[in-house]
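Copied over from TrEMBL, here are the features:
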- 194-203: compositional bias 'Low complexity' (COMPBIAS)
- CYS133-CYS169: disulfide bond (DISULFID)
- 209-271: domain 'Lysosome-associated membrane glycoprotein 2-like luminal' (DOMAIN)
- 194-213: region 'Disordered' (REGION)
Amino acid sequence: GFFQSYAVEVDIKDASNATCLYADWMMRFLITYESNNGDYKTTTLNLSSSVTHNGSVCGNDTQAALVAVQFGEGHSWSVNITKNNETYQGDFITLTYNTNDTAVFPDAKRKGPVTVLVKDPSHPVQLNTVFVCHNSYFIEAENITQIFWNVTMQAFVQNGTVSKKESRCPADTPTSAPTVPPTVANVTTAFTTTLSPAPTTAPKPVENPDTGNYSLKSGNKTCFLATVGLQLNVSQDKPLLININPKTTVADGACGNTTATLKLNDGNSTLIGF
């Protein structure tokens, strides 16, 4: 897998013991924190093998549904989900991480739980439809990057049975624009590209791509270096070659203890994630 982490499965039952909320997904977090010596470091917070879902609720017409999980040494994550007559949609995502967990934050200056609240950028999903997203996608807020993949989720399940009708995320359908645009401007999706229509005449040969130098910093120290020329070879009826121009490409991402994420945005809605 692109990321190594534990999967979470939450199956909430109503009073009649029928499934009312189902979610199965994988996630991890890149968190930048201040160390005791004043430097800023980026660490990776993974789910542990033991996850609880205390506080998760079904929701109804007047009360939001809630998926809440607790893991590791005092960490928790939740999303509340509201519905109207036709759709349901994530509202806010809350992450609480505990810097007293020395395995993840060995030298954190600030000790104790830290809570970050972010608006869920996902688009509305029709009732009696399950939301599915296999590819990874990122939600960024403050000093946190939340990474999700292999997501299957349905709130307000009808008749106790998860629907077979799917609503796919934009990351799973790169050539199709989402019907409702994301509500958070700085959300990025890995491995998507916007393609121009294939030319009707034979395209001119594409030269080798220029070499770019890309780097990331953790605090004031460089933690990631890449010197690389990049060309996308898109398989379709008429193959399409796209060179990534280093003069217009911006590097973003974060470094953790065991994982580094590099995201390259070339300014033309093309984003490559490593």
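Heads up, the Cβ atoms here are built off N, Cα and C, so glycines get one too.
Counting residue by residue with DSSP, the domain 'Lysosome-associated membrane glycoprotein 2-like luminal' (209-271) contains 0 helix, 38 strand, 25 coil. The Cβ neighbour count for CYS169 (disulfide bond), using a 10 Å radius over every protein chain in view, is 18.
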